[in-house]
Amino acid sequence: MSVSQKHPYHLVDPSPWPLLGSLGALASTIGGVMYMHSFAEGGTLLSLGLGMILYTMFVWWRDVIRESTYEGHHTFVVQLGLRYGMILFIVSEVMSFLAFFWAFFHSSLAPTVEIGAIWPPKGIDVLNPWGIPFLNTLILLSSGAAVTWAHHAILAGSKKQAVYALVATRRPSDYRGNFLITSFFTGFQGMEYVEAPFTISDGIYGSTFFLATGFHGFHVIIGTIFLIICAIRQYLGHFTQTHHFGFEAAAWYRHFVDVVWLFLFVSIYWWGGN
Amino acid sequence: MAGFLRSNSLISSAIFRVSARSHAPAARPSAVFTRFFATAHEHDDAEEMQKWRNISIAAIIACTALAIYNFSGEQHHEASEHPIEYSYLHIRNKEFPWGPNGLFEHKEH
């Protein structure tokens with residue numbers, strides 16, 4: 001390898017993680033099917049696959065952090081690529097939710113005779129949208145505000161040495177506050193699931209409700225982990241005022257999850273509960 | 001001029017800042033410049049940080065108040081005593097791998 005690099009691109013080193021991740025996905029898929037069809041050791045293979053995926057995520061992202069933070073490979077052009085990548089990832093997630101909303105509206109706008117031709121179907125005792133769901137709306141919006149607060153804290157940086165300590169101590173707490181907020185969302189949503197009078201096996205209402213809100217809840221958990229990682233990296237001093245794309249990606253993700261919830265709340269809980 | 005506009009109230013200053021930017025392009029050359037050479041922004045960001053800090057705190061207080069209100073009231077609405085067993089409810093085509101009950105499912109079903 002030449003000592004000086006005459007282009008801004010990051011030519012990555014060979015890595016075993018794509019292969020390991022693929023094997024993990026294969027084991028998870030086969031293990032998942034075996035588990036759900038009650039084959040022997042299906043659960044073991046599923047756990048093994050999920051473990052491989054989690055391990056791949058950990059070491060692969062560890063390598064990315066090494067390449068960017070310690071080796072300085074994330075130039076302007078590389079960061080642009082990361083931005084495109086994150087945007088495309090979020091767009092693909094939007095498409096998943098679009099499919100779930102399609103299923104919901106397909107089933108609810110013209111309910112079939114089998115469920116009494118009404119929505120919600122007869123016999124379904126729906127949740128009150130103005131109880132915990134509305135509280136969760138406020139909680140997610142608060143977490144969005146806290147992310148913006150954290151972003152400006154990073155951008156403002158430590159220009160004034162006099163307030164350096166204050167900013168340094170406050171900054172990690174910004175994130176901590178934020179992922180505490182979203183943990184409350186997850187907790188309340190869990191309570192709501194346990195107390196809900198219907199389940200995912202209660203016809204099309206239960207299926208569409210738990211598929212959409214469950215998938216969203218899973219994304220809230222992912223976003224929370226993403227922000228926890230950002231908090232740790234901020235604490236370790238990985239982010240600068242001008243280079244903190246890891247945080248920005250987490251903020252984009254958080255806002256995406258917020259917007260999805262607003263649509264879920266308005267259509268499934270509110271409109272779909274009347 | 002930009003200095004005069006900055007001294008306006010918080011809400012109006014956001015609007016004025018846009019016009020100030022168009023009159024004084026040297027101070028804010030481009031989005032790329034401000035992102036990667038952000039020192040010109042620090043004052044604004046400190047202000048914004050403070051603003052969003054206040055908004056976050058207000059939002060957390062509102063959430064806490066709503067949570068207390070929600071959990072202090074009568075929460076548990078009674079389900080009807082003998083719900084009708086519609087054919088499309090409680091669907092069981094085969095056993096779950098982990099046992100008879102679904103996830104998040106009441107035992108008395």
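Each Cβ is built from the backbone N, Cα and C atoms, and glycine gets one as well.
Remember, TrEMBL labels are computer predictions, not curated facts.
Under the heading domain 'Heme-copper oxidase subunit III family profile', TrEMBL lists A:5-273.
Positions annotated as transmembrane segment by TrEMBL: A:43-61 (among others).
Taken from TrEMBL, the feature transmembrane segment covers A:81-105 (among others). With a threshold of 8 Å between CB atoms, the same-chain residues lying at least 6 positions outside the transmembrane segment (A:81-105) that come near it are 74, 208, 211-212, 215-216, 219, 245, 249, 252-253, 256, 260, 263, 267-268, 272.
What TrEMBL lists as transmembrane segment is A:126-150 (among others).
Per TrEMBL, transmembrane segment is recorded for A:209-232 (among others).
Counting same-chain residues at least six beyond the ends of the transmembrane segment (A:252-272), those with a Cβ under 8 angstroms from any Cβ of the stretch are 86-87, 90, 93-94, 97, 101, 104-105, 108, 119-120, 126-127, 129, 133-134, 136-137, 140-141, 143-144, 147, 182, 208-209, 212-213, 216, 219-220, 222-223, 226-227. Residues or ranges marked as transmembrane segment in TrEMBL: A:252-272 (among others).
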